[in-house]
Every structure is written in C-alpha cells, then in structure tokens.
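S.K.: I grabbed these lines from Swiss-Prot:
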- CYS99-CYS177: disulfide bond (DISULFID)
- ASN5: N-linked glycosylation site (CARBOHYD)
- 1-27: topological domain 'Extracellular' (TOPO_DOM)
- 49-62: topological domain 'Cytoplasmic' (TOPO_DOM)
- 84-101: topological domain 'Extracellular' (TOPO_DOM)
- 123-144: topological domain 'Cytoplasmic' (TOPO_DOM)
- 166-194: topological domain 'Extracellular' (TOPO_DOM)
- 216-236: topological domain 'Cytoplasmic' (TOPO_DOM)
- 258-280: topological domain 'Extracellular' (TOPO_DOM)
- 304-328: topological domain 'Cytoplasmic' (TOPO_DOM)
- 28-48: transmembrane segment (TRANSMEM)
- 63-83: transmembrane segment (TRANSMEM)
- 102-122: transmembrane segment (TRANSMEM)
- 145-165: transmembrane segment (TRANSMEM)
- 195-215: transmembrane segment (TRANSMEM)
- 237-257: transmembrane segment (TRANSMEM)
- 281-303: transmembrane segment (TRANSMEM)
Amino acid sequence: MEWDNGTGQALGLPPTTCVYRENFKQLLLPPVYSAVLAAGLPLNICVITQICTSRRALTRTAVYTLNLALADLLYACSLPLLIYNYAQGDHWPFGDFACRLVRFLFYANLHGSILFLTCISFQRYLGICHPLAPWHKRGGRRAAWLVCVAVWLAVTTQCLPTAIFAATGIQRNRTVCYDLSPPALATHYMPYGMALTVIGFLLPFAALLACYCLLACRLCRQDGPAEPVAQERRGKAARMAVVVAAAFAISFLPFHITKTAYLAVRSTPGVPCTVLEAFAAAYKGTRPFASANSVLDPILFYFTQKKFRRRPHELLQKLTAKWQRQGR
C-alpha cells in the first residue's frame, strides 16, 4: 500500500514518504479468493436451499445457520471484483461506491459470521445444559428470527463506518481501493478499528468460549452409562464445540491479532517504513483466513447436522437410480 501525498495534503495532514511493496498480494489473494468463490458460492447456496425446503422442521439453530449462509453468500458475490483488482496489481476500476460496498461486505460478513456462530453456540448450550427450562423455549422460531434481525442491525451499525472510511485513491498513476482507510486518516480510524475488534470479535468470542466451557463441564459431569440417544446428543455437542472453536481459531484470531497490531503501529508517529511494511504484510497476509469462513461455515453446517448430511446422499442415490433406469 502506498500513500499519495496529495491526498494527505488535501486533508491538511502531513505527507508520508513510505512506499509499501506488496507484490505478494497479486500472487496470494487472487487464487485464494477464487478458491473461496468456487467453493463458498455453491456450498452456501446448497445450505440455503436445504434449510428453506425444510421449513416445517426449522429449528432455532437452523434459522441462525440460514442467516449465516446468507451473509457468506453476499460476501462471495463481491469476490469477483477483488479477484480482478488484485490480479491487475491492485488496480481498482470499479469506482468509489463499489470500493466502499466491497469493504463493507467483507466486514459485515466477518462480524455477522462471528455473531451468528455465537448465537448457534448459545442455543447449543441452552439445549444441553438447560433442556427442560421453559424460559428459553418461549417464542420458538419467531424469537430466533427476532434475534437475527437484531444481529443484522448490530452488524450494519458496527460496519457502516467501514464504508465511510474506505475510499479510492491514486497511487503510481492508478486507482486503488483502500481497505481500512487512506493512510491520511489512520489516526482517525484507529479508535473505531479498536472498538470494532473489541465489540465485534472479543466480546462474542468470550461469550462463545464461556458457552462451550460450561457445556464441556456439564458433559463431563454426566457420568455412568447413557442411552444411545443421549450419547449421540453428547457426541454432537462435542463435535460442534470442537469445530466452532477451530473455525474461530483459523478464520478470526490471526486476522484480528495482525489487524490490531497494524492499526497500533501505523497510528504511531516516527515508526520506520520497513516496520510499517512488515506489519501491513502480516495483516494482509491473514486476510485469506478471514475470507475462508465463507467456506468453513457450510462445512460446519454439514458436519454437525446429521439429517442434512443424509439429504445429498439420498439425492445422489435417486439420481443414480434414475440414470440406471434410463440406461436400460
């Protein structure tokens, strides 16, 4: 990333002499984003289709999963623009509005996924640790939909400043789309970026870990022989805990650690350009991990939902039988 000095001077801020060499983005991001698009688009469409065709058996967890898949699908639809941008050497020809929209969709998907995974985890905790309590069963699916509306409103409110800070600029006689903000606004973006990390990641992550720690304690206390149904339920809860924790660790933790470090360094006066470039490379190098949640989420869905895992096999068997009959 390089800062056009004219941008800083137009804003009344001192110019910078740092020039980032980020050729690695042209090599790393297009193939990674292409893989995420190729896998995430059909997988999330399949999840949405399967849940929508099972509306009578729609549970609260399925409602949260449906909204999670919608968030992933919206992000996947924005990837072609980013693939073209980085394949052309970080050249953005799509205009300022598209730049702001793409950056907003990335962070909306990121923090929407975090919140919906937290909702799924909390629902699993209630189902295992308080299965007979009437207070968490009131409202049924309607309550789950209200929670989803609240999540979307919260995500939009949290991420809307991203669309305000993101902008296009001129570097080396080409138009670029800034990710966080133009470097001239680094100190202005810093408080918002840190608040977004705390509210949009750390607090939900802490809530999710608390849910699964309590759930693990409950499962460990259930000693002695159990019925097959109970054993299957415990196994499902354990699988969910491991997979969700892994999804968080792979997708979200490296990205937020490097992003926080980069925000702190680039907002500190007098930091050498080589240090700034190193932190920028570390942050942007973990961006594919954050994008991978669009693929990990539907895999998580199929891994933990046995009845939905059976459907693709049943459909494949029906198609195979149909082709065999036609071939006779």
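FYI, residue positions are counted from 1 along the chain as it appears here.
Every residue, even glycine, has its Cβ placed from backbone N, Cα and C.
Values in this document were obtained by computation on a predicted structure and should not be read as measured data.
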S.K.: With contact taken as 3 or more Cβ pairs under 8 angstroms (pairs 6 or more apart in sequence), are the transmembrane segment (28-48) and the transmembrane segment (281-303) in contact?
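M.R.: In this chain the transmembrane segment (28-48) contacts the transmembrane segment (281-303) - 3 or more Cβ pairs sit under 8 Å.
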S.K.: Could you name the stretch, out of 63-83, 102-122, 237-257, 281-303, with the greatest number of CB pairs under 8 A to the transmembrane segment (195-215)?
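M.R.: Stretch with maximum Cβ contacts: 102-122.
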S.K.: Between the stretches 63-83, 102-122, 237-257, which wins on the count of C-beta pairs under 8 angstroms to the transmembrane segment (281-303)?
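M.R.: Stretch with the highest Cβ contact count: 237-257.
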S.K.: Reduce the DSSP letter at CYS99 (disulfide bond) to three states and note it down.
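M.R.: DSSP call for CYS99 (disulfide bond): helix.
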S.K.: Taking helix as H, G and I and strand as E and B in DSSP, count the residues of the topological domain 'Extracellular' (166-194) in helix, strand and coil.
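M.R.: Its residues divide into 12 helix, 8 strand, 9 coil.
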S.K.: What residues elsewhere in the chain lie close to the topological domain 'Extracellular' (84-101), defined as a C-beta under 8 angstroms and at least 6 residues from its ends?
M.R.: 22, 25-26, 29-30, 33, 78, 162-164, 166-168, 171, 174-178
